[in-house]
Amino acid sequence: MADAEIGVIGGSGFYSFLDDVTEITVDTPYGRPSDSVFLGEIAGRQVAFLPRHGRDHRLPPHRINYRANLWALRSLGVRQVLGPCAVGGLRPEYGPGTLLVPDQLVDRTKARVQTYFDGEPLPGGSVPNVVHLTFADPYCPAGRQAALAAARGRAWEPVDGGTLVVIEGPRFSTRAESRWHAAQGWSVVGMTGHPEAVLARELSLCYTSLTLVTDLDAGTETGDGVSHEEVLQVFAQNVGRLREVLFDAVAALPESTDRACPCADAHAGWDLGIELP
Ligand SMILES: [Zn+2]
């Protein structure tokens, strides 16, 4: 029996208040994930929580072992993942406290391993893996609907759709970069949404991003530009509400054996040479 069916990759606020969590360490062929995995239950669903930056927030976005994180969740039985993250708003109307559930992604990271298919056989496999997956729609449609409904149920009118641009960090954008991102029509900017989303797809996981706007990014900022303190402050103000939304979203996700979305068939037509964990 699987240890968990749903994964949540987020901060410590998402597991530390559960009555009953089991902390387990998981090793993967790609090394250790960001931290222990915390197993708990929400509305009868088995959930695995993984603090993306480690529980003491010791890992900056560009040092996170994204491959180990997703592989660890999958190996525990997880098939659907919710990935909340803090972002900057690229439009004046997306001010602090906005919850946006993106439907598109732009990768502006520079130095991250972002595939399991690097030509070598997958761990335990024998077939060299040269695989080009479809990624036109990076997020799970069913997960997005569950997240949007959960937000509305908590009186939080979410923004349905938009483009998350992911930058390398750890620095924030210059004003010119921020203006350029906004001019492209992109909605929010963050540092962790990629390669999380594409690695999830490569493992046939459903992945849904929930972005919480903590600041107006540099180009839309009339003051000194975004600061880390500002981000933390707004996140702290909204974390309780976001947690409620996540819990409701978990409860609303389809049964993992019942996935009607395309995510489960991501590998159709490709021979991986191995059953994924
Ligand atoms: Zn899906």
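Cβ coordinates are placed from backbone N, Cα and C, and glycine is handled just like the others.
Quick caveat, the model's predicted, so the values are computed rather than measured.
In sequence order, G11, S34, L59, P60, P61, I64 are the residues of the chain that are 6 or more apart from H53 (phosphate binding site) and have a CB within less than 8 Å of its CB. Taken from TrEMBL, the feature phosphate binding site applies to S12, R52, H53, T192.
Feature annotation from TrEMBL assigns substrate binding site to M191, D215, L216, D217. Over all protein chains present, the Cβ of M191 (substrate binding site) has 22 other Cβ atoms lying within 10 Å.
The domain 'Nucleoside phosphorylase' annotation in TrEMBL covers 5-249.
Feature annotation from TrEMBL assigns site 'Important for substrate specificity' to S173 (among others).
Within the same chain, no residue at least six positions away from H228 (site 'Important for substrate specificity') has a Cβ under 8 Å of its Cβ. TrEMBL lists H228 (among others) with the feature site 'Important for substrate specificity'.
Taking the Cα of D217 (substrate binding site) as the reference point, the closest of the recorded positions R52, S173, T192 is S173. The most crowded of the recorded positions listed here (S173, T192) is T192, judged by how many other CB atoms sit within 10 Å of its own CB. Less than 8 angstroms from the CB of R52 (phosphate binding site) sit I9, G10, G11, S34, L59, I64, N69, G83, C85, T192, each of them six or more residues away in the same chain. A sphere of 10 angstroms centred on the C-beta of L216 (substrate binding site) encloses 24 other C-beta atoms. The average pLDDT computed over the domain 'Nucleoside phosphorylase' (5-249) stands at 92.
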